[in-house]
Amino acid sequence: MEEENHTGVVYFHFRPFSTNSTIASLVFVGFLLLYLGSLIGNLTIGLTVWQDHSLHTPMYFFLFVLATLELGYSTNIAPLTLASILSMGKMLISLPSCGAQMFFFILLGGSDCVLLAIMAYDRYVAICHPLHYNLIMSWQLCGQMTVGSLGLGFLLSLPLTILICHLPFCGHNEIYHFFCDMPAVMRLACTDTRIHQAALFAISVAAVAIPFLLICLSYGCIVATILRMKSTEGKRRAFSTCSSHLLVVVLQYGCCTLIYLRPSSSYTPEEGRAVSVVYTFFSPLLNPLIYSIRNQEVTVAVKRLLARVFWLGKPETFLPRKIIHQVRRD
């Protein structure tokens, strides 16, 4: 397989999951279903928050932004992965295309991690300073923090992408992965990559470790406040509003830590590819499910949206009477 044409452009190809066509077909169908599920789930969450005025609060605004980031994040990875599986690893991707995927991967993934820290701060203000919540969490501040998370993601992604794209590659450029992940691409360089590995670690600390510490600090204050509450019902409601976010945090940061916050000497391509499946295909699918199943307001709002979209004249078959009256008023 030619890895470099006469113009000097470097090409890569991804190692197939299996050389057996039957297994490859099963992997393709599985990944396609996960991708379609994540698209449907995040689109539903995004449209629900957008359409339902009862969800026009800072907490659900950040949920809308998270769903939008997840849409871009999964779409950046899945189509190329699915095409590679169909070609049994014969599809070529140029270095600029690979660099573009790395850039958006860091941009969206880094913004996602920072946004989860912002959402933890939102819960901290709501539980620890409820009387000042509307004053502190103004729409102006929400917008500034959202733009800031995207700006930080951009500043983290651009330098590292440029560094990696300027590496010399030689020999058999097979990426032992299903997308252009930075550690997997750097392993193919025929030069010393210690500076690039240090840069990747520094960016991982900024995008993963620091936001995670801020989340821990926020939830430390939240737990201390909840324990001081005298009402059992108040404690239950406070914990329920945080449980969905905590599940997403554990899933996201656990996978990122295993890949990017560990010594490069302990990195193995097999483990990297296995863990990456979780946060590139399963996580974007599970996030909307976690928020919709564990959040009654979102569940009711989704049912209202479905009643508007799939109005069949007899919504009584699947909607409570209270929701039916609300839909008809709207």
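For all residues, glycine too, the Cβ spot is worked out from N, Cα and C.
Positions annotated as transmembrane segment by TrEMBL: 23-47 (among others).
Summarising the annotation, TrEMBL assigns domain 'G-protein coupled receptors family 1 profile' to 41-291.
What TrEMBL records for 59-82 (among others) is transmembrane segment. Same-chain neighbours of the transmembrane segment (59-82): 14, 28, 31-32, 34-35, 38-39, 42-43, 45-46, 49-50, 93, 101, 104-105, 108-109, 111-112, 115-116, 118-119, 122-123, 126, 139, 142, 146, 178-179, 241, 280-281, 283-284, 287-288, 291, 297-298, counting only residues six or more beyond its ends whose CB sits under 8 Å from a CB of the stretch.
Under the heading transmembrane segment, TrEMBL lists 102-121 (among others).
Here TrEMBL flags 141-169 (among others) as transmembrane segment. Away from its own ends, the transmembrane segment (141-169) comes close to residues 10, 12, 58, 61-62, 65, 95-96, 99, 102-111, 114-115, 118, 182, 185-186, 188-191, 193, 195-196, 199-200, 203, 206-207 of its chain (Cβ-Cβ under 8 Å, at least six residues beyond either end).
Positions annotated as transmembrane segment by TrEMBL: 198-227 (among others).
Sequence annotations record features per position, and here TrEMBL assigns transmembrane segment to 239-261 (among others).
Per TrEMBL, transmembrane segment is recorded for 273-293 (among others).
Under 8 Å from some Cβ of the transmembrane segment (273-293) lie the Cβ atoms of residues 31, 34-35, 37-38, 41-42, 44-45, 63, 66-67, 70-71, 73-74, 77-78, 176-179, 181, 184, 244, 247-248, 251-252, 255-256, 258-259, 299, 302, all in the same chain and six or more residues away from its ends. The transmembrane segment (102-121) makes contact with the transmembrane segment (198-227): 3 or more of their CB pairs lie within 8 A, with pairs spaced 6 or more apart in sequence. The list of residues near the transmembrane segment (239-261) in space but at least 6 beyond its ends in sequence, with Cβ under 8 angstroms from a Cβ of it, reads 59, 109, 112-113, 116, 119-120, 123, 126-127, 181, 183, 200-201, 204-205, 208-209, 212, 215, 219, 222, 226, 267, 271-272, 275-276, 278-279, 283, 286-287, 290-291, 294-295. Sequence-distant contacts of the transmembrane segment (23-47), counting only residues of its own chain at least 6 positions beyond either end whose CB sits under 8 Å from a CB of the stretch, comprise 16-17, 63-64, 67-68, 70-71, 74-75, 78, 81-82, 85-86, 88, 281-282, 284-285, 287-289, 291-292, 298, 302, 305.
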